[in-house]
């Protein structure tokens, strides 16, 4: 049955309630105390339509943006060190920078492209001869080598994740560091010692790959890794060395504090009109609402909360209570049926949300339905469109991952965010959207929330995506899935599995009849992987005696590899070994995506060793009983995480929620250990994704016994399988970001 995408009957599915807040309190007087502003308070960027007042420091760093997912983090790292930075498009010439004046150095970002592509972006070669110090990162490093006479080669084995490299500490960039450093590598193209540009020397190595080159006389430095992210342990020190020892900056850049900048922007955009803000109850939308109230007063801000049918257990009730602290009336609407029945056009015609199994289409339907529902609510509240702006708590990572022009005209799309869909972008073009946090990262928003006086319960709340549980349910039809792989490790279409990972590291027997190693023999692949490991991991791999089983799951998840989006398979590891060999399992999780380019996520399956391959999936769509199943599992897992319930043996569980930054709970259409005589798959599995990060651009999967108590996770496994009907297995996501994103979709 065809269903109209404009079916938004407010009487069909909506329950409108208004939380009448107490009389608004007088906001404290706004003050700007530059003497007490910390380093992270400095704030400058060249983003379209962002009127931020700048105070010139007399020294600036130019960042040439090649579309790196971490491009904005580079800008942030420089600002944290009190040096002014400005972002420019990749085609900016050296002459332009010289004529603008005031630039003391240049940083070239990474990017999603390969230097081998026919139309791969390049830069003005005079960037390297203009006399300014240059730091090239990832793709910028490869261009530095190529444009100075070296070459770059395409590798069979990717490097994606935290790796140990050896560095020359006599080089200015690495002064004060250890000879072995942990860094984030994410690339498939490489430079070897034989292909380094003339007059450049190797200053860092990762196995047999070159991880850094330099010409100190010309003050040119290039690194294959990403020093701007948290996974590079001493990346800030590297930026400090470049800015102060190489470039000669003083670090005297100060500007208005964040709060004042945001308030100034809100007032300049809104003028004497009003704002409608959609509030989810998360920290981003709460801080956005608090800023709007501070800038405009409560009478010019209308806050609404939309229950789209995919909230967590009793989430909307909790939102109403927590947002009362903002002294804003909250208008609550329930639109579950409307969202489920909303449709969008795709290549196969029109698809409804509750019949959709494509993750990108799900996000687009939800994002666009939010905008259409907003119009219905404005009519219900007698709001004049011409008198109101739409406000969103959009963050910088949202825009970067959606490849929005606000963040970078060249960033590769990782996933479409519900607050950055086509309709939202159209409203931006009309100047009708206010996004005061669009230049902020999550940790910066928390700091701003504290400055605004928001309660700890809101400021430290774990993030929850706007589309809700809809993107934590991986949907599937009952059509038999086909495993599809590309690359030198595979020969055409592969319907198979990894059978064993045993005594030798990754010495697995993958169905030889499929001819997987026609282009690359296993032993060569294994040796290449071992070369990329640290000495500790190599010893662990070669000495282990555990029996571990590995199975490819016929489902795809979103990831980021080489600064670009990946949509690849997950691998499930299992073992009979007790205690569970976590160190070894996490070593596998790091290496498997390097060996198998078609894999971007690795999970551990609690319980016994998996015996059978997964040959079909459970029919799964966004219908009420499926959503309820995930709501129950999520509620159980979070109660255990925050110590709200006792363990199965009656002992009190500790509150360990503060030890991680987020824990998505995901439902998979996968039925493990199914009776082979059963006609079809009917159960689901649950994934726990505890995640440790400071900026959500990169991060580490929480390790049992290190970040979280093992007994907490084991208790989650027991409680979910006991109390939620139709659950086959509970899995632990062991994947860092990259190669896996925080969310699975």
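Counting begins at 1 with the first residue displayed.
Placement of Cβ uses the backbone N, Cα and C atoms for every residue, glycine included.
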State the residue range annotated as region 'Disordered' by Swiss-Prot; the candidates are 1-37, 38-74.
1-37
So around the ATP site, 280, 281, 282, 283, 284, 285, 286 aside, which residues have their CB within 8 A of the centroid of those CB atoms?
279, 287, 288, 393, 458, 461, 464
Please tell me which one of the active-site residues listed here (138, 226, 228) sits closest to residue 283 (ATP binding site), measuring Cα to Cα?
228
Taking every residue in the domain 'GMPS ATP-PPase' (253-461), the average pLDDT works out to 81
Write down the Cα-Cα distance for residue 226 (active site) and residue 285 (ATP binding site), rounded and given in Å.
30
One should report the C-alpha separation between residue 228 (active site) and residue 281 (ATP binding site), rounded to whole angstrom, as 30
Taking DSSP three-state, what's residue 286 (ATP binding site) in: helix, strand or coil?
helix
Between residue 280 (ATP binding site) and residue 226 (active site), how far is it from one CA atom to the other, in Å?
33
